[in-house]
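Listed in TrEMBL for this protein:
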type: REGION; residues: 246-283; note: region 'Disordered'
type: COMPBIAS; residues: 256-282; note: compositional bias 'Acidic residues'
type: DOMAIN; residues: 322-408; note: domain 'PI-PLC Y-box'
type: DOMAIN; residues: 413-539; note: domain 'C2'
Amino acid sequence: MSTDEPPSDVKEAFLKYASAAAANMTVEQFHSFLVEFQGDQTASMADAQRIVEQVLQRRHHVISKLTKHSLNLDDFYYYLFSMDLNPPVSDQVHQDMRAPLSHYYIYTSHNTYLTGNQLSSDSSDVPIINALKSGVRVVELDLWPNSEEDDIDVLHGRTLTTPVEFVRCLKSIKENAFIASPYPVIITLEDHLTPDLQAKAAENIKETFGDMLFFPEAEYLQEFPSPEELKYRIIISTKPPKEYLRSKNVKGENSSSEDETDDEDGVDTSESESSESDDSDYESYATGVSEYKRLIAIHAGKPKGGLKEALKVGADKARRLSLSEKALKKATKSHGMDVIRFTQKNMLRIYPKGTRVNSSNYNPMSAWLHGAQMVAFNMQGYGKSLSLMYGMFRSNGGCGYVKKPDFLLTVDPHGKVFDPNAKLPVKRTLKVKVYMGVGWNLDFESTHFHLYSPPDFYARIGIAGAPDDAIIKRTEIKEETWSPVWNEEFTYPLTIPELALLRIEVYSYNISDKDVFGGQNCLPVPEVKAGIHAVPLFDRKGSKYSSVKLLLRFEFS
């Protein structure tokens, strides 16, 4: 909490709701503040009582059962600056979870097993564990025969990445799948295995997961089940093994990995999808592979023909299509509304282009705007794009499933879907007031920002979202202070508020060199609570600082 005086808005709010004579705010008055000023219509008198008691316990370490509890101005200020008592976004699941899986954005990782870059880092189950614990719901494993060709390794094929055993990855998934969320974990397999090893993979999967595994009753699902129906279940998604080229099977030489090719229509051969081409070279798959095929609940695969063909919506089966970020760009340029129509029933997975060998990521906004559910990211590729991903999946209690906006799920009476290129009017306006920031002196060395003087902080507050909504605004620089007070207000008109993310960054200005990073956060605008809230800041890797936080006010009109 700041040693500075509370901002004038805080004092005014306190005086408006407190008893003028006693200069104290009773539980009843505090409840009125929560409902009216903070706009929390769900706040009960019991909630108000609990918060007041916790504030008094923390600040004064004693609560008498006999006296009527109330807050003074400093207690009230403490509450507003408290990250756990007054967060900007709810941590509860609150969306309808009974719609088909295709109606949700799903927190998706790319090559989840890699510890670093795409070419020479180690494969391990540790990044898989970390991803699941952070709420990721889609894990990708690339399966290859081991050097003896009698077992299965997970690694990035045709690179110098070291392998990790498939079975070890499966066990780690089982142990960590539902720590962060009860909703289903989907394992996407990119399979470069012989028929014998496909049969072995099926055995490993069944042995590890047992009853947790979701088996579809029919070979193809006409519609995906809901996250609610699939709670605590594991789902397998890959291309069904039809036939397999055995004659030249040297470490999957003839299986195309997802990052290799974009054909001229912009549909990528992914998860070995290229193996659907020429039947004459193929032998029938071995007995036991049918067992592997039976495990697949979400069928991946590339239909013959170009992009237009790939995006056709079949009445009898829901499926998954994978496109690289590059192919998505091409697809949305020429077939934007077809992509949206496809994603109303089917899954679309987007993955980073093959040149991102340093495990960087792309801007996810276009993919989300076109309804893509699985926007696959390198979870070790820290940067602006990953912070947007973190922001999006803070929604809905951080459960890893976020309901797509209704406009992406509906068809108008003329059979038309949402046009992502249409000019739209402003639907909602967000006003953000940046009061102040505190905590850097507790979380950083005194020389971290400048060797001989306190930091010169400024904040950048921007919107990431639809192209017309994207904008960045910045405060003035507050020189030589560990507790900057800005008191600046910014307005953001939004045409698609449903997909807007509020990006918050703090830097210390450096006249002779690069400005020094001082923390960031990213909040999903639809989930942001109105009123004055404490906003914690995170480091570049997404870990929360212990003490650094901003005091902001949010207003919607």
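Here the Cβ of each residue, glycine as well, is placed from N, Cα and C on the backbone.
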Quiz item: When DSSP states are grouped into helix, strand and coil, how many residues of the domain 'PI-PLC Y-box' (322-408) land in each?
Solution: 40 helix, 14 strand, 33 coil
Exercise. Give the residue counts of the domain 'C2' (413-539) per reduced DSSP state, in the order helix, strand, coil.
Key: 10 helix, 59 strand, 58 coil
Practice problem: Averaged across the domain 'PI-PLC Y-box' (322-408), what pLDDT does the model get? Just tell me the whole number, please. | Solution: 94
